[in-house]
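First the structure, in the form of structure tokens, and then the observations on it.
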Ligand code: DSN
């Protein structure tokens, strides 16, 4: 990965690109929403399809010369359909947020009501945060996790739905470590005659591999990201029943987007093909086994985990009990110095701020891609502990950095 063409034209950018590859190779990427896509997906994303405008959909475009764009988009749709079993798939959203935007734009009017999980309890900005367009265009009420268990408070959600009478209930989360009971949320939405949007952005790969229950066929709309656990080209996807297909397609284009990013659609097609291989199911199982091993290691070392563990690809650590004087930001910074990259995260019942919250979120999708197993992830749990126990001790950070180097060498990336 020497970016030779970029180097000829622009050495400054070539340096930054090469440094980024080195950074990914030599540190542990544990941001739960990140992964390392395959060289094939990278190749597709860097292809000449970046030049092509293809407003519209396969067979019905507003520009000429779209025959190969059509082929690629049809392949992406075909493979997504095989992976998820949805009646209708739109692979054009530029991101998970824009996939959500398409559903809101298709089904809601400004001022309509969204019921979603609070951001500090694991929700997402695009589910109704005041700083997001959703919080400004729609009326929003939020459910929470049970403060005792850390699991979604399904009863509270149903009660709020009765009280608030939403037009849409949003499920699917970005910092929630447990299985989601889609049927139960669907029932709560049905009871108040609301739509149900299940945003599987984080767990798209786990759902595709059958490692997490699928909301497809239960929720009215399923949105996702295509570059997180599923490790395909960067962007989003919307799935729905045929009855909503035209509304969703029009909401994506021309409603919310112009020309689709066809190079990314190509990356999606290639990544979906990879996800149909049996190895991907093994990968997804390993992601979860690794997150469990990481969580067990951290628990044994005295950390408090939201919901006491995990069923998926991430663990959410609440530092307040074990390390009351260390914020999530302090931990993130010290860990990065030691070569472990993750993010500070709010936790349920947050008492600090969104900018410097009380928790850290750690995911295993990227580590698993480069070959980490449960023993490696237990060791990573010990390394994280050593750093957070002594975040200002340069000697400890240097020792951990050496262990990180060894783990990276044992599990090479982009050779
Ligand atoms: N930025 C993603 C995450 O980290 O969860 C969500 O958009």
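A Cβ is built for glycine as well, from the same backbone N, Cα and C atoms used for every other residue.
Over in TrEMBL, the protein carries these features:
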BINDING   119, 123, 124, 125, 242, 353, 354, 355  (6S)-5,6,7,8-tetrahydrofolate binding site
DOMAIN    7-384  domain 'Serine hydroxymethyltransferase-like'
MOD_RES   228  N6-(pyridoxal phosphate)lysine
SITE      227  site 'Plays an important role in substrate specificity'
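This view paints the features noted in TrEMBL onto the structure.
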residue : record                                                  : Cβ contacts under 8 Å, 6 or more apart
119     : (6S)-5,6,7,8-tetrahydrofolate binding site              : 125, 127, 129, 346, 354
123     : (6S)-5,6,7,8-tetrahydrofolate binding site              : 116, 117, 129, 142, 170, 173, 174
124     : (6S)-5,6,7,8-tetrahydrofolate binding site              : 96, 97, 100, 173, 174, 199, 201
227     : site 'Plays an important role in substrate specificity' : 35, 37, 233, 234, 235, 271
228     : N6-(pyridoxal phosphate)lysine                          : 32, 33, 34, 35, 201, 202, 204, 205, 365
242     : (6S)-5,6,7,8-tetrahydrofolate binding site              : 87, 88
353     : (6S)-5,6,7,8-tetrahydrofolate binding site              : none
355     : (6S)-5,6,7,8-tetrahydrofolate binding site              : 329
Packing count at residue 354 ((6S)-5,6,7,8-tetrahydrofolate binding site) (other Cβ atoms within 10 Å of its Cβ): 13
For (6S)-5,6,7,8-tetrahydrofolate: widest Cα to Cα gap among 119, 123, 124, 125, 242, 353, 354, 355 in Å: 43
Residue 125 ((6S)-5,6,7,8-tetrahydrofolate binding site) CB neighbourhood, other CB atoms within 10 A: 16
Overall pLDDT for the domain 'Serine hydroxymethyltransferase-like' (7-384), taken as the rounded mean: 98
Mapped DSSP class for residue 242 ((6S)-5,6,7,8-tetrahydrofolate binding site), helix or strand or coil: helix
